[in-house]
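**Q** Got a structure for you, questions after.
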């Protein structure tokens with residue numbers, strides 16, 4: 001069913017519009033030819049959050065390790081990039097990963 005995210009600027013109390021986001025898939029360890037390859041990530045999709053801070057329709061095509069990389073340099077001086085790594089066991093299920101941003105911190109959780 002795919003993946004969605006929602007970025008909120010908790011300091012401003014508003015959605016974070018215009019945040020570039022990249023979805024990456026990790027190479028499964030059993031497919032790695034060497035230990036170095038086990039840490040390889042491949043970009044699968046990218047987009048920018050809308051006026052409501054949302055980005056939907058990102059494809060989750062297989063079980064495994066995935067990550068969202070948020071380019072937050074325009075919003076936060078201390079964390080110019082936020083990477084959230086997560087595991088997918090059932091790609092047919094919808095996954096929602098919100099990001100709550102503040103100038104000196106961030107938090108995330110699995111949403112619905």
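Including glycine, each Cβ sits where the backbone N, Cα and C put it.
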**Q** In TrEMBL, 6, 109 are given as binding substrate, so which of 54, 65 is in that site too?
**A** 54
**Q** So if I measure Cβ to Cβ from residue 6 (substrate binding site) and keep only same-chain residues at least 6 apart in sequence, which ones fall under 8 Å?
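**A** Spatial neighbours, sequence-distant, of residue 6 (substrate binding site): 15, 49, 52, 53, 54, 55, 96, 98, 99, 111.
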**Q** To test your reading of the substrate site: which residues beyond 6, 54, 109, same chain only, put their Cβ within 8 Å of the Cβ centroid of those residues?
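**A** For the substrate site, the extra neighbours are 4, 5, 7, 8, 53, 96, 97, 98, 99, 111.
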**Q** Taking the domain 'Transthyretin/hydroxyisourate hydrolase' (3-111) alone, what is its mean pLDDT?
**A** 92
**Q** Ranking the binding-site residues 54, 109 by other Cβ atoms within 10 Å, which is at the bottom?
**A** 109
